[in-house]
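Student: Pulled from Swiss-Prot, these are the listed features:
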SITE      Arg19  site 'Transition state stabilizer'
ACT_SITE  Tyr24  active site, proton acceptor
BINDING   Asn75, His81, Asp88, Val102, Ser103, Arg112  substrate binding site
ACT_SITE  His101  active site, proton donor
Amino acid sequence: MGKSILLINGPNLNLLGTREPHIYGNTTLADVEASCKAHAESLGATLATFQSNHEGAIIDRIQAARGNVDGIIINPGAFTHTSVAIRDALLGVGIPFIELHVSNVHAREPWRHHSYFSDKAAGIIVGLGVYGYKVAVEHVALNFKERAAL
């Protein structure tokens, strides 16, 4: 059985490809998701995707992953700087996660420099554009441990 990966994208990431392309590029979220699924499959893993602009929906999806997913890749979007609740959900399910940002948040506004996730993430990918998603999928597929069989 291959690894199971959950890719979560937070607020406004549904606008990838059209929102501030000078920062986020021209690739759509649908293209990112399709590319990530194909890459995961090429590595013997499966990948499920989820995007929401709502904090509670993201928390619900994280909680639903408990016992079903080997690793989470999360681009929390603006929730990076505000959501203790999503952080608590990630810690509560005990699934290792990668924090991902398309842009280099440390080269942007000072308020974007703080993350509620970075100190607990297994890894952080910042500023690689949408290529960062491929890097994250590969890392989880090749390096995270599979959950124990029940």
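Along the chain as shown, residues are numbered 1 onward.
Quick reminder: no glycine exception, Cβ is built from N, Cα and C everywhere.
Just tell me what is around each of these and how deep it sits.
Tutor: Taken residue by residue with DSSP, Arg19 (site 'Transition state stabilizer') is part of neither helix nor strand, so it is coil.
DSSP classifies Tyr24 (active site, proton acceptor) as helix under the three-state reduction. Just so you know, the Cβ of Tyr24 (active site, proton acceptor) picks up 19 other Cβ atoms within 10 Å once every protein chain is counted.
Note on Asn75 (substrate binding site): other Cβ atoms within 10 Å of its Cβ, all shown chains, come to 25.
Applying an 8 A CB threshold to same-chain residues 6+ apart, the list for His101 (active site, proton donor) reads Asn75, Thr80, Ile125, Val126, Gly127, Gly132.
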Student: To the nearest whole angstrom, state the Cα distance for the pair Ser103 (substrate binding site) and Tyr24 (active site, proton acceptor).
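Tutor: That separation, Cα to Cα, works out to 6 Å.
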